[in-house]
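**Student:** Pulled these features from Swiss-Prot for this protein:
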BINDING   14, 15, 74, 282, 351, 358, 359  N(1)-(5-phospho-beta-D-ribosyl)glycinamide binding site
BINDING   106, 147, 152, 153, 154, 155, 156, 157, 187, 188, 189, 190, 195  ATP binding site
BINDING   263, 275  Mg(2+) binding site
DOMAIN    111-304  domain 'ATP-grasp'
């Protein structure tokens, strides 16, 4: 099939689905991979492969089979040493094998930011057992946040306000770890005024920043996001300076092109680095309606060496997540018409089954200001009902 580029997508969730749509609009041929069949991105891709991204041999085999122009990781749990191997063989790993290695583990990216780049972060320590957790919490003070160095969507994260809750938090983190590293980060709880995601695009002509995205989390996972977030010019400048430092440092041996989701806490005028994702960010779903080029469009353009504007503008918009409440092998929906009556847009991700707190869709709304858009998005999300079982 004629195409402008061949992309191997490693991970096929809802963010991957939107990326596939953006890439295909630019003429790309996309092979979507995941550990289960009919994952969201597979439903819109040209071809698909089912494999574990933690199976090194399977990962090598799928790259050899398809020989892509770009290898695009969409998840954290990948054998990054294989990505380094294939990058050394001449494959273009997005944004680089080094970036995927560093950001797969919270300890690696935190140490890079705090120790090598001198970027402001919360106080933190690492722990491999409960005894070390107790010592780390004494160092950070209470409350503190405990989370696995490797997990996704906030799984395993908890806020601890007293020493008698440390064992429970450790057990929860261990139960939700990904990969084979039994290690957590214990960090100072920042009593922030708000938190933001700064979408940062590194492309052939330099770096482009999107307007800041505000977001609200529960259980360590995003529930709402809105753009543009109200933020002072000095605070925006500080966030941009830190984001540029980190994404530039992650180039490694690759091109380092793509979109990064850089998270910050903001307290007054102080901006504190939190985390970074070298791919489209879940809070950035709002850009599907807020920006003329969504985060997925920007990621595809940057990867493929296409033009990315130097300035991105956003109209007041918001997103609200639609969550499953229970486990079921079958799922259906009702209330779509009612959810869209107020002008909101609904994106159903097409996941084949449910479990508690699994993201099944998102409501998107625009308005005269972000408060109006947030209210509209939440109202729309509440009108879409998930049905479990036959």
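Easy rule for this one: first residue shown is 1, then count along the chain.
The backbone N, Cα and C atoms fix where each Cβ goes, and this holds for glycine too.
Quick one: how deep are these features, and who are their neighbours?
**Tutor:** DSSP assigns residue 282 (N(1)-(5-phospho-beta-D-ribosyl)glycinamide binding site) to a helical segment in the three-state reduction.
In the three-state DSSP reading, residue 156 (ATP binding site) counts as coil.
The Cβ of residue 263 (Mg(2+) binding site) lies under 8 Å from the Cβ of 195, 196, 197, 198, 273, 274, 275, 276, 277, 281, each of which sits 6+ residues away along the same chain.
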**Student:** Between the Cα atoms of residue 15 (N(1)-(5-phospho-beta-D-ribosyl)glycinamide binding site) and residue 189 (ATP binding site), what distance do you get, rounded to the nearest Å?
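**Tutor:** Per the Cα atoms, residue 15 (N(1)-(5-phospho-beta-D-ribosyl)glycinamide binding site) and residue 189 (ATP binding site) stand 29 Å apart.
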**Student:** Please list, in sequence order, the residues in the chain of residue 156 (ATP binding site) that are at least six apart in sequence and whose C-beta is under 8 Å away from its C-beta.
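**Tutor:** In sequence order, 147, 148, 172, 173, 174, 175, 176, 177, 184, 220 meet the Cβ cut-off.
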**Student:** Have a look at the binding-site residues 106, 187, 189 and say which one has the shortest Cα distance to residue 351 (N(1)-(5-phospho-beta-D-ribosyl)glycinamide binding site).
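**Tutor:** Result: the closest of the binding-site residues to residue 351 (N(1)-(5-phospho-beta-D-ribosyl)glycinamide binding site) is 106.
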